[in-house]
Structures are given as C-alpha cells and as structure tokens.
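Annotated features, as they stand in TrEMBL:
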type    : residues                       : note
BINDING : GLY165, ARG166, SER167, ILE231 : NADP(+) binding site
DOMAIN  : 5-120                          : domain 'Tetrahydrofolate dehydrogenase/cyclohydrolase catalytic'
DOMAIN  : 139-284                        : domain 'Tetrahydrofolate dehydrogenase/cyclohydrolase NAD(P)-binding'
Amino acid sequence: MATIIDGKALAALVVEEVAKDVASFEKQYNIKPGLAVVLVGEDPASQVYVRNKVLRANESGLNSIERKLPADVDQATLNKVVDELNQDPAVHGILVQLPLPEHLDEEYIINAIAPEKDVDGFHPVNVGRLNSGQETLTPCTPLGCLIMLQRELGDLTGKNAVIIGRSNIVGKPMAALLLQQSCTVTIVHSRTRDIEEIVKQADIVVAAVGRSEMVKSHWIKPGAAVIDVGINAIEVDGKRKLVGDVDFADVEPVAGAITPVPGGVGPMTIACLMKNTLTAATQQLRK
Ligand code: GUN
C-alpha cells in the first residue's frame, strides 16, 4: 500500500507560508505583491483554473487583477493588455491562461511578457536561466511536483527519475529541476521504444502526457514514488469523472507513494503560483 500524497493539505501549508511572507513584504515595501491573470474566451476548464488562482491569491494576501477578454479578441488588443501589465508597477506577476484560441499566437504572447513578471516561467529567458542553474521563476507544476517529492523522499540525490511526456510546461522543466537535485533523469515520450521497461527502472515517475490512466502497475518498480500530473475528464456510467495519466487503483498497491487526481498536483500548482508571485515581487523590489 502506497502513501497517498495529499497535495491539497501540502498546498494549504505552502499558501500559509506565502501569506506570512506576503505580510512581511507588505510591511517592508508598503505595497502588496500583485498578480494579474489574463483569461481569453470562455473555455470552462480555464475558467475554473482562473477562478481558483484568483481565490488563492486573495487568500495569500496578494493583490489580484483579473483581465477577461472575449474569445474573438484580436492579437493587437491582447498584446496591448500584456504591455500595460508589463508597465504597471502594481503588477509583479502576469499569467496568461493557456491554451489561447486558435487565431492567437501563443508563442508571441509568452515572449511579450516581461521575464521578471513571468510567474509561469515560460519565457525563453527564464527557461534558459532554469537550465543553466541561475535564479529564475520556475514553472509552477514542476515546482509543485518537486516540493512533494522532497517532502516524501527527502534528498533526491542519485534517484532514477523517469518523466513521461516532453512538454514545455511540465516534462522539460521537470527534467531540469530533477537534474539540479542530482537525479539521473530520463524523459520518455510517444516515440520512445520499450517505454514500460524504462519506466520500470524508475525510483521516481512523473506522468505528464494527458492520456487517461495510461500508466499501469506492471510499469512500476515496487516502492517507486509516482506523481500524476494528468487531469483528464472521462465518462463512467454516464457521469463525468476526472482521472490522471496513472491508473490509480491498479498502481497504488505497487507504488511506495502516489498522488491522487484530483487533490494531488493541481492544488500544488496553484500554491506555487502564489510562491512565484511573491518571488517575482521580491526580486523586482530589492533592486
Ligand atoms: N494552462 C494549463 N496549465 C497552465 C499553466 O501552468 N499556466 C498557464 N498560463 N496556463 C495553463
């Protein structure tokens, strides 16, 4: 039986800690750290994420600014919104919720956010800093996964870590973070041969592919720590249900520790966004 890693409880602790540091920040600088969240369109999942981000920001004592734009907004208008937020001294962190509608250029917008306000850590400057071990803003989901792993396993030195998925948002930055912790890191993806045998060598498995319950018990080394980043909506008996990339019921008896979906990685991602906003504000004001 695996330890179930309670992401919700751990996220509450992280938010509590951030709230304390936000209070000291406010005393020192006489301003609250400000987080701007930009939402384009009415994608239901994005609306839920943004609502939770704003709620948690308020709980952390941050100043939250929500900018909602219609689905058919043109690129120039969106660029202008981002530019205004870049210039606004009350805004220390900017997040543009992804995915954007098809007609908008996601890469352009990621590049347009001032790197020092890029609390997602997606700007190429921050990606470069992360990969060269410099002080940076680290993508929230991998940062949340790392905090859970360190809490569960302690020092990660020498662990064999296998990441399933090579996205810019999770897979690649997760690899950089685990490498920094002196893990031996492998990324497997849709074109990898013998994926199951490779995953079976892992002390740490991070699944981030977006395929419902793909990872089964025979992929997992007994006792391994399994972090499930997937959030997939499926239908069971006509009812909508959220499942991860890991078949939880199958894998849980084999793993040493495992994150549930929901209640695992998701809350930690949002908590780390609060942490990053405070980090960004501190880096901007101490100059
Ligand atoms: N959409 C899904 N995950 C994320 C994320 O981490 N950041 C942003 N901006 N959009 C997302």
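Just so you know, glycine gets a Cβ as well, placed from its N, Cα and C.
Keep in mind the model is a prediction, meaning the values are calculated, not measured.
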Around the Cβ of ILE231 (NADP(+) binding site), the count of other Cβ atoms that are within 10 Å: 19
Listed in sequence order, residues with CB under 8 A of SER167 (NADP(+) binding site) and six or more positions away: ALA208
Site extent for NADP(+), whole Å (max Cα pair distance, GLY165, ARG166, SER167, ILE231): 16
Coarse DSSP state, helix versus strand versus coil, of SER167 (NADP(+) binding site): coil
